[in-house]
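Comments concern the structure below.
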Amino acid sequence: MDEQSVESIAEVFRCFICMEKLRDARLCPHCSKLCCFSCIRRWLTEQRAQCPHCRAPLQLRELVNCRWAEEVTQQLDTLQLCSLTKHEENEKDKCENHHEKLSVFCWTCKKCICHQCALWGGMHGGHTFKPLAEIYEQHVTKVNEEVAKLRRRLMELISLVQEVERNVEAVRNAKDERVREIRNAVEMMIARLDTQLKNKLITLMGQKTSLTQETELLESLLQEVEHQLRSCSKSELISKSSEILMMFQQVHRKPMASFVTTPVPPDFTSELVPSYDSATFVLENFSTLRQRADPVYSPPLQVSGLCWRLKVYPDGNGVVRGYYLSVFLELSAGLPETSKYEYRVEMVHQSCNDPTKNIIREFASDFEVGECWGYNRFFRLDLLANEGYLNPQNDTVILRFQVRSPTFFQKSRDQHWYITQLEAAQTSYIQQINNLKERLTIELSRTQKSRDLSPPDNHLSPQNDDALETRAKKSACSDMLLEGGPTTASVREAKEDEEDEEKIQNEDYHHELSDGDLDLDLVYEDEVNQLDGSSSSASSTATSNTEENDIDEETMSGENDVEYNNMELEEGELMEDAAAAGPAGSSHGYVGSSSRISRRTHLCSAATSSLLDIDPLILIHLLDLKDRSSIENLWGLQPRPPASLLQPTASYSRKDKDQRKQQAMWRVPSDLKMLKRLKTQMAEVRCMKTDVKNTLSEIKSSSAASGDMQTSLFSADQAALAACGTENSGRLQDLGMELLAKSSVANCYIRNSTNKKSNSPKPARSSVAGSLSLRRAVDPGENSRSKGDCQTLSEGSPGSSQSGSRHSSPRALIHGSIGDILPKTEDRQCKALDSDAVVVAVFSGLPAVEKRRKMVTLGANAKGGHLEGLQMTDLENNSETGELQPVLPEGASAAPEEGMSSDSDIECDTENEEQEEHTSVGGFHDSFMVMTQPPDEDTHSSFPDGEQIGPEDLSFNTDENSGR
């Protein structure tokens with residue numbers, strides 16, 4: 001075959017795009033023209049999707065792979081090389097000097113020579129010669145080995161290129177698949193996918209470009225080497241083999257690992273459009289709503305923490321009012337940033353159930369919190385009823401609104417924000433719960449600690465031994481102070497020591513109790529409840545709802561303990577003041593009195609079992625003190641709170657106190673009927689007390705020139721003692737009337753003492769206790785109103801060796817002194833003794849003067865008992881203090897009779913009530929004068945229990961001392 005024919009055939013198998021030899025040939029299915037795959041792909045990708053020859057639409061997948069074309073091109077190349085080789089071989093493979101065929105290879109010179117040059121040329125004398133064919137074969141073998149390596153390298157690169165192409169194709173297919181799924185989604189998602197695709201393609205195209213460049217370099221190198229092998233003669237090939245090998249070595253210097261590329265994953269996030277969240281809004285009474293012309297809001301729709309609602313103008317909004325129905329969608333709560341949401345507003349056709357007739361408007365808008373988007377001209381108002389959207393029977397319009405995030409991504413973002421808000425709120429709640437638990441634990445520990453460290457409740461716990469020890473300690477302290485009356489320095493030091501000890505103890509306890517969260521109002525309400533008798537006893541407290549009120553009950557009991565300690569401190573100070581104020585009196589009388597005080601204190605502490613057993617006289621005092629608005633006196637009678645709480649509490653007005661009292665009364669247990677009855681009776685006593693005060697004022701004004709009333713007064717006292725013997729278990733009403741009579745008796749003592757002042761043969765003896773008690777009797781706001789009266793009644797028999805009461809001590813009888821300070825229970829009994837006689841006289845309807853005349857009298861010679869003279873300071877000059885200094889003979893007894901039961905006997909219901917004997921009135925008179933009786937003789941009251949003593953029940957003895 002000649003050269004021309006081979007060239008014509010080669011033109012057929014030439015690419016019509018690059019006009020070069022076909023590489024990876026492809027066939028156009030329309031015009032059947034052959035072209036390189038790389039050329040046609042670049043054309044279709046970068047230019048236009050049509051064949052460059054026939055202009056027919058063309059895609060890469062439509063090209064036909066012509067595998068046979070590669071074999072044809074190789075054969076044509078072989079034919080062309082063969083023809084060229086034969087022609088050049090005849091001309092080039094000859095010696096230049098001898099024009100002979102080169103047949104010898106000089107090993108020394110590394111040169112191909114002919115046989116003449118080797119034999120006769122003289123240039124290669126002594127050189128080593130080898131046959132040219134043998135050397136040629138060796139070089140061809142080496143070259144072929146390198147060519148094989150390069151081919152293997154080329155195949156690897158081609159496989160990598162194909163893998164990258166397959167990767168690119170997979171990425172394109174994945175992209176096309178995702179695009180088909182999300183074709184109807186928003187443009188934002190498509191742009192995001194295109195951006196992801198572009199980034200991945202840049203990476204892949206960069207990888208492919210580097211691999212393609214390396215492939216083209218190797219192909220050109222191979223073509224050059226093959227051309228040299230075919231075109232060069234043996235000698236030329238041998239001479240150029242070193243250069244070819246150097247080129248091969250340079251290619252091998254770049255390792256194959258540098259061409260291994262990381263595959264780009266063909267994954268594109270599938271962001272499918274979420275479904276709508278919908279709600280229905282029924283506008284009832286649409287005609288009425290149109291007349292109002294106000295917007296109507298639908299119930300909120302909660303979606304992923306977002307709050308949507310429909311805002312409807314039934315009569316239109318703005319310029320379209322009266323013509324169109326205006327409907328808007330409002331985002332009332334959500335993310336603070338602006339976000340786009342798709343919404344749909346649908347008006348239901350009510351004439352038929354055909355959904356296709358519903359009016360649907362949908363759009364996507366950027367919403368901010370509080371912003372509305374919608375349609376000002378949603379539908380004409382005049383066509384609502386005609387078109388069937390307004391139900392004429394029900395006068396209703398049904399609107400359905402739907403909203404959604406444009407993508408799941410945005411919906412997930414909203415949910416994440418909502419979850420964050422919920423977690424923050426939950427964390428806050430958990431923190432608050434933990435804080436409350438810590439506070440509860442601290443309060444429980446403080447309450448337990450205060451219960452362990454607080455002093456025992458001496459007034460509420462009769463079985464508490466510590467109370468007896470505390471009382472004994474105070475009695476011993478009183479003995480020491482009374483015995484050392486003249487030494488005021490020692491008295492003051494002992495008093496300060498005791499006050500410091502009590503103060504430290506109270507401050508420690510108050511610090512443990514109130515170092516935190518005690519509310520002043522709550523403390524004051526608890527105080528009001530306690531003072532009004534609304535606090536439950538220990539037994540009733542135990543049966544209450546302990547699960548809810550455990551802490552409150554413990555706190556209340558702890559406060560009661562502290563306040564009773566304060567009250568004990570005040571009692572100790574009172575006795576210390578009495579002891580320090582009377583150094584001029586006989587000090588030996590205080591020794592026996594203090595012993596009796598100690599014993600009385602022990603029995604008194606065992607007499608009170610709960611707050612319900614508080615002495616009724618103290619409760620009656622409360623009413624009197626409330627009128628005076630005296631908080632100090634009020635808390636002096638009852639346990640009072642710590643000093644730190646006293647100042648803000650004392651600043652309250654009376655109105656605030658009454659309001660707080662009423663607010664605190666709801667805490668009163670339902671089973672405290674007895675306290676309610678006591679309150680009612682105290683109110684009655686209060687009214688009667690006012691009348692008695694008026695009567696006393698009249699008596700005081702009319703008795704300025706009264707005669708000697710010693711015998712009459714003494715008889716009245718005996719009548720009071722007799723009445724007291726019959727009233728051991730009297731009710732609160734009787735006790736109230738007893739209190740009413742105190743001031744009257746005190747005035748009688750004052751008047752008689754004034755008349756007998758000049759007739760007293762004995763020097764005046766100062767009685768601090770009597771003075772102090774009488775001062776409290778004259779002042780209605782003080783605590784112990786008639787203590788001086790009781791003590792004056794009992795003074796005057798130093799020689800009496802008989803025990804005046806079950807609770808009096810022999811030592812007190814031996815030293816019988818007017819300075820004996822009786823315990824509270826004995827004082828209350830004496831108050832009861834003083835009151836009955838005057839109450840009987842007052843309520844019998846007699847005038848004030850006649851009441852005084854008809855009091856029970858005793859003869860001056862009855863059992864030798866007499867009352868000599870009383871000295872008293874000028875009442876007019878010292879009207880505020882009302883101090884009385886009675887002077888009694890040494891024969892006066894300092895203790896009451898055994899027939900008179902003490903107040904502790906009444907409260908504790910002891911056996912004294914069962915052992916009472918009834919005697920005559922004369923016997924009662926005999927029992928009053930104890931100087932002539934033997935020590936073992938007991939006299940009792942002749943009046944039975946439970947009867948009211950009237951004027952007719954008393955004995956009136958006329959004597960020379962009973963005159964006016």
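A Cβ is built for glycine as well, from the same backbone N, Cα and C atoms used for every other residue.
The Zn(2+) binding site annotation in Swiss-Prot covers Cys95, His98, Cys117, His124. In sequence order, Cys106, Thr108, Cys109, Ile113, Cys117, Ala118 constitute the residues six or more apart from His124 (Zn(2+) binding site) in its chain with CB-CB distances below 8 Å.
Positions annotated as compositional bias 'Low complexity' by Swiss-Prot: 534-544 (among others).
According to Swiss-Prot, the compositional bias 'Low complexity' annotation covers 794-807 (among others).
Among the features that Swiss-Prot reports, compositional bias 'Acidic residues' is placed at 904-916.
Annotation source Swiss-Prot lists N-acetylmethionine at Met1, citing a large-scale study or a structure entry.
Look at Swiss-Prot and you will find 477-513 (among others) tagged as region 'Disordered'.
Summarising the annotation, Swiss-Prot assigns region 'Disordered' to 530-554 (among others).
Feature annotation from Swiss-Prot assigns region 'Disordered' to 640-663 (among others).
Marked as region 'Disordered' by Swiss-Prot: 752-812 (among others).
As annotated by Swiss-Prot, region 'Disordered' applies to 891-964 (among others).
Taking Cβ-Cβ distances under 8 Å and a sequence gap of 6 or more within the same chain, the neighbours of His98 (Zn(2+) binding site) are Cys114, Gln116, Cys117. Sequence-distant contacts (6 or more apart, same chain, Cβ under 8 Å) of Cys95 (Zn(2+) binding site) comprise Lys101, Leu102, Ile113, Cys114, Gln116, Cys117. Those same-chain residues not listed among Cys95, His98, Cys117, His124 yet with C-beta within 8 angstroms of the centroid of the Zn(2+) site C-beta atoms are Asn97, Glu100, Val104, Ile113, Cys114, His115, Gln116, Ala118, Gly121, Met123. Summarising the environment of Cys117 (Zn(2+) binding site), the number of other Cβ atoms within 10 Å of its Cβ, over all protein chains shown, is 22.
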